[in-house]
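According to TrEMBL, the features are:
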DOMAIN    A:56-148  domain 'FtsX extracellular'
DOMAIN    A:171-285  domain 'ABC3 transporter permease C-terminal'
TRANSMEM  A:21-43  transmembrane segment
TRANSMEM  A:169-193  transmembrane segment
TRANSMEM  A:214-242  transmembrane segment
TRANSMEM  A:262-285  transmembrane segment
Amino acid sequence: MRLKYVMSEVMVGLWRNVTMTVAMIITMAVSLTMLGASGLIYAQVKDMKAYYYDKIEVAIFLKPEITDDQRTTLEGSLKSDPLVREVIYESKDEAFKKFQTMFSDVPAVVDAVKPGQLPESFRVGLKNPEQYQAVREAYVGKDGVDQIIDQRNLLEKIFNILGSVQTMALVAASVMAIAALLLVGNTIQVAAYSKRREVAVMKLVGASNWFIQAPFVLEAVVAGVLGSIIGFGALALGKVLLLDGSLSELTDLLTPLSWSKVLVMLPLMALAGTLVSSITAWVTLRFYLRV
Amino acid sequence: MIQLEHVTKTYPKASRPSLDEVSVGIEKGEFVFFIGPSGSGKSTIIKLLLHEVQPNKGRVHVNGRDVTAMRSWKIPAFRRQIGCVFQDFRLLPNRTAYENVAFALEVIGKTKAVARRVVPEVLELVGLGGKEHRYPHELSGGEQQRVAVARAFVNRPLILLADEPTGNLDPDTSIEIMRLLDRINRTGTTVVMVTHDSNIVNQMRRRVIEIESGRIVRDQARGVYG
């Protein structure tokens, strides 16, 4: 009986003020979508770091005039270096072949370069990619070494871009969350006012505080949960239409976004929506209901 | 049953206290009138007994419990032992007489089955048999106050507080309501009534406590309005 009473009060409450309810759900949904998106970017960047940092290498390009002795000494010291995981030598021919396949769809570029023009190099994999600076300092002045390039620099740029997108999403989520918060507060105020007679009688005859407050708090929670479900739908739609659809060429470069990661966002968003709305409702009630 | 010890209550921004060092004891089963001019502080007593306001000084004991020291989460359970009737009835306009009384039961966790058994009984007791399904606007003032009394009494409280219950009623209807309160008092319920209706006080010949400017100026066992 009590549950039925509370639930019917919640439904009546949401319906009585339906425009406000819709506004509350929409802002909540947008805010939670942003939150979910930033969560996804965070998880994705973490995955990509783990995946790529294993594969990236430091390229030590050699001077064209390098002698065989210098090359052997360099290779020897690289192989015995405790920071180094593996060393692969890439000759001028190999570099040219790699170049040809890489730019096979742009014949003009391939034609412009002749075999032997590209420098030979050591491809060095590090045990810990963060120690690039130490490796660079150890080899930068050595005989026959021309240039040392860390591939991580490239990735860092991508991660920086993703990072700022994530920050933007978080900022948008917070701003929308403030709007959602105010709407929840306002809705609760209106609800408390329209039920002031009932609340007065309930207080008078000794209804427990939770019994008086529960319908109001639940009203906000229902809106929060609906908002999170809609937000999750928007996120899933975004994956299907954008990442797997029109932006698929871009996303091929990055590691693919799995459905399991997207699914994890649902309970996360529902939790955030429920917490934000119930706490706001409860705090508002402390001011406007004074039980 | 009710014990006020040196109770002083000054509302914020008020120049003088509403109640000034008031001490009074009311036994179980008594029928007591608090009388006095408007603003004398008599309604404050009802608010103190309901724990709606807190005294600045002194103690309030109700049914053996110190109300002043009571934790806020205990107040609901405490209020279930007290029924309350007001001048303006305070009925829910969109509910019938039956629903208004049943509401008071349902919000304290009683089942619909209990309500179905108890509510018709108490409506019969207050003389509203046959009018259970009327809405407040379809009832006369006296009948509305009967619904309010039924709601206050349905939980069989130990104490019934009445704040000017006849203030909005004509003399004949007032007397009917007083008969009803008298009947409830005879079941053993302590009744505390705040009023400035001299006719009623004179007719009932019950204990009268007169308050003026926050002080008790008279306490008479079978008194008149004076």
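Cβ coordinates come from backbone N, Cα and C, glycine included.
As the structure is a computational prediction, the values presented were derived from the model and not from experiment.
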| note | Summed over the domain 'FtsX extracellular' (A:56-148), the DSSP helix, strand and coil counts are 40 helix, 22 strand, 31 coil
| note | Grouping DSSP H, G, I as helix and E, B as strand, the residues of the domain 'ABC3 transporter permease C-terminal' (A:171-285) number 105 helix, 0 strand, 10 coil
| remark: Across the domain 'FtsX extracellular' (A:56-148), the model's average pLDDT, rounded to a whole number, is 82
